[in-house]
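Pasting a structure here, questions to come.
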Amino acid sequence: MRFLGSALVSFLVLAGKVLTKSSSGDSVLVLLDPSLSRANYSIFFGGLEQQGYDLTFRAPKHASPAIAEYGVPNYSHVILFTPDTKSYAPDVTPQSLVGLLSENTNLLIALSPRQTPLTSLATEFSLILPPPGTPLLSHHPKRPEPANVIPVSVSESPILTPDTNPVWFSGVPHALGNSPYLVPILRAPSESFAADSTDDSGSGTILSASDKGGEGFWAGSHIGLVTGFQTTKNSRAVFAGGVELFSDEYAKKALPSGQRSGNAQFARDVAAWVFQETLTLRIDRTEHHRVNETAAPEMYTINDQIVYTAYISAYDRKTSSWKPYSGITDMQLEFTMLDPHVRIALPPVSGEPGKYEVQFRAPDRHGVFKLVVGWRRKGYSFLHTTTTVPVVPLRHDQYPRFLSAAWPYYAGAISTSVGFFLFSALWLAGDVKGEKKNLKGVKSE
Amino acid sequence: MPTAYPLPKDLSPAIVTNTASLLRIIALGLISGAAIASRLFAVVNFESIIHEFDPWFNYRATRVLASKGFYEFWNWFDPTAWYPLGRVVGGTIYPGLMATSGVIYNLLHALHLPVDIRNICVLLAPGFSALTAWATYMFTKELKDESAGLLAAAFIGIVPGYISRSVAGSYDNEAIAIFLLMFTFFCWIKALKQGSAFFGTIAAVFYFYMVAAWGGYVFITNMIPLHALVLLLMGRFSSRLYVAYSTWYAIGTLASMQVPFVGFQPVRTSEHMAALGEHSSSMYQLIFIHLTLTGVFGLLQIVAFAQLVRSHVSSKQFQELLVSAVISAGVMGFFAIVALTYKGWIAPWTGRFYSLWDTGYAKKYIPIIASVSEHQPTAWPSFFMDLHFLIFLFPAGVVMCFRALRDEHVFVIIYAVMASYFAGVMVRLMLTLTPVVCVASAVAMSSLLDTYLDPKEPDTDEQKGRSALVGTTSASIGTSATAAPVAAPKKTKKTKEKEAPVAPGGVLGDLVSGVASSAAAAVQASETASTSKSTKGIFGLDTRFAVIMNTIGLLLFFVLHCTWVTSSAYSSPSVVLASTSPDGSQHIIDDFREAYYWLRQNTAEDAVVMSWWDYGYQIAGMADRPTLVDNNTWNNTHIATVGKAMSSPEEVAYPILRKHDVSYVLVIFGGLIGYSGDDLNKFLWMVRIAQGVWPDEIQEPNYFNKGEYRVDDRASPTMRESLMYKMSYYRFADLFGAQQPMDRVRGQQVPAKGPTLDYLGEHSVGFRCRGNVSNSSSADEAFTSENWIVRIYEVKKDDILGRDLKIANAFSEGKKRKRSKPVSRRKAIRGW
């Protein structure tokens, strides 16, 4: 069934009708260790090329073609199938690879049980590797293959095609640190563990390690084999515990159950994610305005009814284009000044794909507010947008003119006016005698 | 009539009068010219530029007013101030100054004179100083005569105490406020003298103008009622007082409530001053009580009523009854005020009010007030510096006011006493003392000159043909001290001491007699004195010559002193600094404008700049960038937040900076060229203000090493970790190479290994900023001005991998990280 599906896909690709490409670019640099035969990875690389990717191969020690020139990366994606390489050309260092990520270049990295510069790079991504030379071992299920070649069943993940067959894995596991940017893709089987020898002579050490309380004990399903990482700039990296995962050998190898292995599909899915083909979202634009208006005002007044709209697209790999996307149901909008004053759901508008809209009342507080949409889900591109809008108090002519609470003052003003009028009238119309008397009074001071 | 020197006989009185008036006009014109010219040192020495801090805000506000019109200005909400709180400018300023400039600007443009608004702002203060001289002339003329008026005008025109606030470019509220103050007082005196509702109204109108222009209006608010109260207590109630005060009070109070910033404060606040008053420009916490304002008004009504009743009833006992009734009413009113304050209906006295009485109060409880240098108690030398010989003549003038003691003299006496006290409490209140010093000194000096210029020889009976120059008051001074009936005719002495009239005994007698007798009696006494025979006086020309020469010498030195002080001390824009090299050549230090211009050109328009609040207005005015805090300090917590960020370690400060969207941090550092007004010297105030809000996190003693404020090797760890210290000395040591770096302000040697910054500096994670081997790129200041006075740092963005910036920096510098262990999720199950 799966085979049929992938065969269909390759047929379509071969037919040249549909090219599925990445949203961030087609050029791929592959750093391939000389010890690895390119022919053994023909399914993976061939698949990428058929999709339209432009693959450039290079040995890790060769200086050209350069990854980056004048600080600008030359490739959109870099694959490092150099699990055992100890020394690289000077332009490949852990620092420069992190630099590539900050320039929105994606990385697909294969690790191995050997200690290499990539091991220390993995540490920066909050992956914790076991001591050198401790591959993942498992004795279950019973199979003719050695203990370090393990069929791993694939758990549900938005990254992977559903119902992918178990994959063959051989390599090093890693524990996951507490970075929120990690996206676990493939977990180790619960009965597997990392140890430095394939025979059972070291089992006593493992037992005592587990007795100590699990600390430093790489075992069980909480450790990862293939783990993605999405940076705050939405560039992606994948660390795979072994490069054989992507090989033709494993792709063709039958599982102990007799099924065909899911490696080819898995490798394809992982590459699709890391090359930003799938689960790639973006905010096209945001709009905000007062209710019943269309243009965004320079500033809002307190208690205004504000309408906020966001247009979100997802990348469609089939057509290589961005399509409106209404699938997010848990997005929120915050109206923030130091702290969120308003935090409400920003739901999709039914009937208008890609449009999310909400109306809310500005708080009774002036200041410089930010309209913040922050949506972070594992595997998906992070959506984040900030719009700064000042909220101002009422203008001098916007206050209510007449207050019922002020009646005492109105009454006072009116009565004083009337009194003054009456007094003036009496004073002016009064008899002259009284006036003279009064004048005298003043003079006598 | 024997005269000391011959007088022309054939002059008609009309010629004398006309010549005198012409001379007066010429003199006033020259005084105005001198007043304006002496304020132009700043423009000549530097350029036509707005000075200092507050004027920059006023200038910015005026530009808004000029370009957008008055209504937009009134409703102006400035989103760039107090980010992110914003500032309702229209409701939190005294708009009088901006409105004045706006009117002048529009007037000139209506006349097709396209004058730049900046030049109007720069030259407004000198222009108004000429008007001040005229207002002082009018005021003093009411007090004595025209010659005293001219002297007073000349004094106020060039006295440093006033120039310090009104040089060209010092575009602050005080620039127009002193004119308004003097003119309001003149109108009040005029209204009181004539019992004129017209002048009362004019006084109220100018009072309104004053309220709209300056927070110091409380000085008038309290002076006039106090004057009325004192007159009342002296038994000088008259219908003139009643008319003048009632007119002024009713119109003035109603008008003052129309200023949005003042609003209902006239009837609500005890001290009649907002708790959120503008700090430096208007924090004129003068004075006593609002109680006087309304209280005196009420009292006047009662007394007027009582007078009315008395005129009808005419019973002596009734009067006594009335007095006791008035007193008990006053006491009851007092208790009512206390009760209202207690209940919270009337705002209780705020800190600034207390700080006027107890000079140590502010430092203990409200550091934000004490941190302003203008609010420190005045040092004695500055009295001489600002007033020169006027400070010696001032008491003499006050004593002469006691001798005449008409209503207006009582006013001057009260003014002198109050202003003297407050000038002693706060440096900046010297400004309110200056006018009364000029007036009183002018009275004294003009009396002296009158006496010694008067050609009349004393031993004659004739009193006709007195010089027009001699007024009644001077006559009373020139002749016998305490009126003829009391003083027995003594043998004439050759008075070599020129201050004979101010001999102590005479003064005391005057005081007693003056207080005892009513104003009318006093005037009468002086009249009789002038007409009575005089047997003592000045004989011959030699005495006259000596004294006059002496006086002229004093005046000359006064002019020299004023010119010197003005040119050297008060004409620095403080935005541009000048230093003089040993050979006398001047070197201009323009770091501030350099840095602000850098900000303007190189940063995003909405990039928020954090600095200590002193520089907020300048950044807004010159760099046009949003600031966290500025010189309008209405929100103590916000300032304390900045203080906390400055005095905390980087990792504590960083979240604060990020929360407030701060992009750049600006510090002033004078350690390289010895500019002592830098942030490290203000640092303890930041600590104190932050401590006031977060006493658990910031503690002042932690910044000291055994009670010493140090920046060198012995600086306390808290001090060395603080953001302010780090930003000040970041890469400072590099400048000195192998030598020991030296801070020229503190006079201390700072450590050769400077602090490092992780959370500020150049954005380092970016690929393009770094080579393959990243060296020292982790933190560079964004900008440092030529003389290192202004240093600007960029706040880094979050790491793209979500790491702590310290770790990220260590990584990009290639440091090995310690191997981490996986987080223990569960205990292994035993016994499987």
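Even glycines carry a Cβ here, placed using N, Cα and C.
Just lifted these from TrEMBL, have a look:
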TRANSMEM  B:21-42  transmembrane segment
DOMAIN    B:24-440  domain 'Oligosaccharyl transferase STT3 N-terminal'
TRANSMEM  B:88-108  transmembrane segment
TRANSMEM  B:120-140  transmembrane segment
TRANSMEM  B:146-163  transmembrane segment
TRANSMEM  B:175-191  transmembrane segment
TRANSMEM  B:197-220  transmembrane segment
TRANSMEM  B:241-263  transmembrane segment
TRANSMEM  B:283-309  transmembrane segment
TRANSMEM  B:321-342  transmembrane segment
TRANSMEM  B:387-405  transmembrane segment
TRANSMEM  B:412-445  transmembrane segment
REGION    B:481-501  region 'Disordered'
DOMAIN    B:606-656  domain 'STT3/PglB/AglB core'
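Any idea what these are sitting next to in the structure?
Below 8 angstroms of C-beta separation, residues 51, 125-127, 129-130, 132-134, 137, 146, 150, 153-154, 156-158, 163, 166-170, 562-563, 566-567, 571-573 of the same chain, each at least six residues beyond the ends of the transmembrane segment (B:21-42), sit close to that stretch.
Within the chain carrying the transmembrane segment (B:88-108), a Cβ under 8 angstroms from the stretch's Cβ atoms is held by residues 58, 61-62, 65-66, 70, 73-78, 81, 114-115, 117, 120-121, 124, 171-173, 175-177, 180, 209-215, 259-261, 276, 278, 281-282, 632, 634, all 6 or more beyond its ends.
Only residues 6 or more beyond the boundaries of the transmembrane segment (B:120-140), in the same chain, are considered here, and those with a CB under 8 A from a CB of the stretch are 28, 31-33, 35-36, 39-40, 43, 48-50, 55, 58-59, 62, 97, 100-101, 104-105, 108, 146, 148-157, 162-163, 165-172, 175-176, 178-179, 182-183, 185-186, 189, 435, 438-439, 442-443.
Nonlocal intrachain contacts for the transmembrane segment (B:146-163), taken as residues 6+ away from its ends with a CB within less than 8 angstroms of a stretch CB, comprise 20, 24, 27-28, 31-32, 34-35, 38-39, 129-130, 132-134, 136-140, 178, 182, 385-388, 390, 430-431, 433-435, 437-439, 441-443, 445-447, 449-450, 469, 471, 558-559, 561-563, 565-566, 569-570.
Under 8 Å from some Cβ of the transmembrane segment (B:241-263) lie the Cβ atoms of residues 74, 90-95, 188, 191-192, 195-197, 199-201, 203-205, 207-208, 211-212, 217, 224-225, 228, 231-232, 274, 293, 296-297, 300-301, 303-304, 407, all in the same chain and six or more residues away from its ends.
Here the domain 'STT3/PglB/AglB core' (B:606-656) returns a mean pLDDT of 88 for the predicted model.
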Considering only Cβ pairs under 8 Å, which range in B:175-191, B:321-342, B:412-445 makes the most contacts with the transmembrane segment (B:197-220)?
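It is B:175-191, which has the most Cβ pairs under 8 Å.
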I need to check the long-range neighbours of the transmembrane segment (B:175-191): which residues 6 or more away from its ends have a CB within less than 8 Å of a CB in the stretch?
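Cβ under 8 Å, 6 or more out: 96-97, 100, 124-125, 128-129, 131-132, 135-136, 138-139, 142-143, 156, 162, 165-166, 197-200, 202-203, 206-207, 209-210, 213-214, 216-217, 219-220, 223-224, 227, 243-244, 247-248, 407-408, 411, 415, 431-432, 434-435.
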Provide the three-state DSSP residue tally for the domain 'STT3/PglB/AglB core' (B:606-656): helix first, then strand, then coil.
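Residue counts in helix, strand and coil order: 30 helix, 5 strand, 16 coil.
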